[in-house]
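Before any comments, here is the structure.
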Amino acid sequence: MESNISFSHPVGFWIMGFQSLLDTNYYFVFLAFVYIGTLLGNFFLMMVIWQSEALHTPKYLVVFSLSVVDVSHSTALIPKCINQFLFDSRFVRYDLCLTQMFFVHYFYAIESFSLVIMAFERLVSICFPLRSDAIITNIRMFGIIAFFWALTLAIQVASLVLINRLSFCKPVPSVMSYFCDHGPVFKMACSDYTPNWELATVFMIAVIFVPLAFILMSYVCIIVAVSRITSAEGRWKTFKTCSAHLILVAIFFIPFLVIYTIAWIYVKIDINTRILNTSLSAVLPPLLNPIIYTLKTEEVLEKFLRKRSQTSQKKYTYCDSAERENGKLSPWWCPVTRLVLLCT
């Protein structure tokens, strides 16, 4: 005999945030500046890649995709946090809560998979240098990126379906996090949330441990390939092309591994420590990714400096012609342009 089970949805959720911590408003003001920096840095990187045909390669197709993900992830997370904690609007309606949960975790997973794709691109380029252009084309790279976007979409849709099956005893449950996080939300349910817990475990393994294992194995192969290069200069030059990716991997994975290792050893971790660590590990990589890729990648830095030099040279030519025409005074920015050209 089948029993009829009714699942009640709450009106919304109350986001608790930091507990008994003074002056937390300053932290969310800091996040506002982080968000602005994230938008500026990633839009700048996307503009450089978009305008330079020399960067229309599989490698920078992934970098462009990562910048889109960084902007999307930060937009799904930070503005809502600022509204909740700076303007004291911590109540979130049920549908809006699930929407934020979907997009935050979706783009977080895509960022992890983007680092995997970058590792694969480096692996092929270094271990198979003569065949890399044939193995990885722009079309194939686009297909790989689309596959991971679709895979993550399927996982997140399944997560939302399982959340909708839960019943909550309170009309407005309190979520012990700084946003509508998946784990803290389903743990507030009165009904059995074992399927949610199992899916969360699968998500963590698929998004954190499997990508990290693949990246580590890729770099083992890369180190073996680099060690076969005869000259020390050649080895350093080859491995230097991986430096930006290695920094991004460390920034993305290490905070997560630290907080969950501590939680595994000590069973329970302070809520403020967990929120601070998870929030910083969520918002800082999107801010630092474009900075690292611009400064540590010669192609991007070269294109930026060349474009700036061409723009300044046009202004310099205009200044000279303006001064030669009947003693006409040059615009105010001409001395500044000359100084920039001398410095670069």
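Glycine is no exception: its Cβ is also placed from the backbone N, Cα and C atoms.
Taken from TrEMBL as is:
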TRANSMEM  26-48  transmembrane segment
DOMAIN    41-293  domain 'G-protein coupled receptors family 1 profile'
TRANSMEM  60-78  transmembrane segment
TRANSMEM  98-120  transmembrane segment
TRANSMEM  141-163  transmembrane segment
TRANSMEM  202-226  transmembrane segment
TRANSMEM  246-267  transmembrane segment
Segment-segment contact (the transmembrane segment (141-163); the transmembrane segment (60-78)) at 3 or more Cβ pairs under 8 Å: yes
Which of 26-48, 98-120, 202-226 has the most Cβ pairs closer than 8 Å to the transmembrane segment (60-78)? 98-120
Sort out the residues at least 6 away from either end of the transmembrane segment (26-48), same chain, that have Cβ-Cβ distances under 8 Å to it, and list them. 18, 55, 63-64, 67-68, 70-71, 74-75, 78-79, 81-82, 85-86, 276, 279, 283-284, 286-287, 289-291, 293-294, 300, 303-304, 307
